[in-house]
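S.K.: Below is a structure I'd like to ask you about.
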Amino acid sequence: MDYFPMIFALLFVAFQGAPEAAVLGTELSAGAEDGGEKPAPATPWRPRRSKRCSCSSLMDKECVYFCHLDIIWVNTPEHVVPYGLGSPSRSKRSLKDFFPTKATVHRKRCQCASQTDKKCWNFCQAGKELRDQDSMEKAWNNQKRGKDCSKLGEKCLHQQLVAGRKTRRLEAISNSIKTSFRVAKLKAQLYRDKKVIYNRAH
């Protein structure tokens, strides 16, 4: 019998992994010469998310949408939610973040990563001004609601009447929605019960 083709095939398969084996052999021999110490494995590289700025509140969805550049935003019927690209590696925080001082009570909407980014700077500043304006308007509206409109005039009476109608209409709509949900739930339960009875009968 001629074993030459079979031996040749086995040698070919065995020597295909020869370069890797040679490299591994040199590493092992070098490790044995150094006293058997293995080099520490390098920490895996994790991609950092590119952030244009950091928001002072994560509840501010507009700010989060503006600042986080690589988040895919998914529209759901309820709200817009971020569809993240893995957990980002976070930088260490200073003690100032844990113990806020009195000066940091009136913070900006966000803090830009680059000081030369004018669009970001304008966005953060405009957000602060808008929030201040909204809070002033809310305070004025609350003050008007609390006061008697006889002193403020006809416009105040009209606004109170419109606001009252709106709230009553919204309450009626929410009540009808709740009722329709309850009815649908009862119908679904009745259908399930009928289906179970029908299956048991046959």
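Counting begins at 1 with the first residue displayed.
Including glycine, each Cβ sits where the backbone N, Cα and C put it.
Okay, these came from Swiss-Prot:
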SIGNAL    1-25  signal peptide
DISULFID  Cys53-Cys67  disulfide bond
DISULFID  Cys55-Cys63  disulfide bond
REGION    110-124  region 'Endothelin-like'
S.K.: Cα of Cys53 (disulfide bond) to Cα of Cys63 (disulfide bond): how many Å, rounded?
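M.R.: With the alpha carbons as reference points, the distance is 9 Å.
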S.K.: How long is the line from the C-alpha of Cys55 (disulfide bond) to the C-alpha of Cys67 (disulfide bond), rounded to the nearest angstrom?
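M.R.: Between the alpha carbons of Cys55 (disulfide bond) and Cys67 (disulfide bond) there are 7 Å.
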S.K.: What average pLDDT is reported by the model for the region 'Endothelin-like' (110-124)?
M.R.: 87
